[in-house]
Amino acid sequence: MPEIKKIGVIGAGQMGSGIAHVCAQSGYDVIVSDISEEVLQKSLANIAKNLDRQVQKGKLSEEEKAATLSRISTGTDLSVFGDADLVIEAATENENLKRDIFKKLVPNLKPEALVATNTSSISITRLAASTDRPAKFMGMHFMNPVPVMQLVELIRGIATDEETFEAVRELTARIGKTAAVAEDFPAFIVNRILLPMINEAVYTLYEGVGGVEAIDTALKLGANHPMGPLELADFIGLDTCLAVMQVLYEGLADSKYRPCPLLVKYVEAGWVGRKVGRGFYDYSKNPPVPTR
Ligand SMILES: NC(=O)c1ccc[n+]([C@@H]2O[C@H](COP(=O)([O-])OP(=O)(O)OC[C@H]3O[C@@H](n4cnc5c(N)ncnc54)[C@H](O)[C@@H]3O)[C@@H](O)[C@H]2O)c1
């Protein structure tokens, strides 16, 4: 089985930062890349803040925090992945963008390096086909926030070999996560179920069945969900939610998955949720205020 010691992460947003955090905390050397130095610095600051939170809760010592941070390095060029044993892609949920990243990435890799994608919905088989190593490629779908959430969905493409699958399954266990294996269908298991519920919550808002607060309160207190669906949509990122619905709609060719026009409008306005300070709630206020 290929041995994984050094892990590369492409994309230093919410997910890439969380993946780098848990891998480094579990003792792996991690190298993270994104399109700008500014994004990388913000990511490192976020990781440090989240580690501080673990220290305050007594789950981590100051020494472990310092050691975790010392294992993370960054760079804006894909050449930094030359000695990575596994590269996990966690860039924006857009198939063309991801394919382009993989095409540019593979000439920089060792021949035996494995590649995984954290895509929420896109075909693993199609993404694998944009690399020179479909047998060494698979889906590794973390949940947000990565340091807190227990699950990683593992998805084989049609060509993924058993060695690759077992190496990634072993890594998942070593970083303290639990794997659920899904087949390569649009949005896999979690988002096949979760995103249509969120989309339906946006329809409920769009049709005036309830306001933002009523919808979230209804699901929290009426269905015992820890977060309301609109709050959760803001947390995931409305751009990601829309991208997943589009993949479901096109991939399964069923009108029941059509994205709600209000979701489309929020994304077009740039109101993509918590990461930009505005979505179904306005996060510039404390506590956040519903926008409808
Ligand atoms: N947000 C969630 O709840 C969640 C959960 C599981 C999986 N995902 C998936 O994880 C991936 C990232 O989502 P996110 O929530 O972290 O989004 P995000 O918007 O927070 O981060 C995306 C990052 O990708 C970077 N990026 C864009 N183009 C790039 C390029 N060419 N090279 C390198 N970096 C590039 C952006 O600068 C940004 O920092 C998506 O595929 C998404 O579907 C998201």
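Any Cβ shown, glycine's included, is placed from N, Cα and C.
Predicted, not measured: the structure shown is a model, and the values here were computed from it.
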Quick check on the annotation: TrEMBL has Gly11, Ala12, Gly13, Gln14, Met15, Gly16, Asp34, Glu93, Lys98, Asn144, Lys275 binding NAD(+), so which of Ser70, Ser120, Ser123 does it put in that site too?
Ser120
Helix, strand or coil by DSSP: which one applies to Met15 (NAD(+) binding site)?
helix
Taking all residues of the domain '3-hydroxyacyl-CoA dehydrogenase C-terminal' (188-283) together, what is their mean pLDDT?
98
Which is it, of Gly11, Gly13: the one of these binding-site residues whose Cβ has the most other Cβ atoms within 10 Å?
Gly11
Cα of Asp34 (NAD(+) binding site) to Cα of His141 (site 'Important for catalytic activity'), in Å and rounded, measures 19
For the C-alpha pair, I'd like the distance in angstrom between Lys98 (NAD(+) binding site) and His141 (site 'Important for catalytic activity'), rounded off.
15
Given His141 (site 'Important for catalytic activity') and Met15 (NAD(+) binding site), what distance in Å do their CA atoms have, once rounded to a whole number?
10
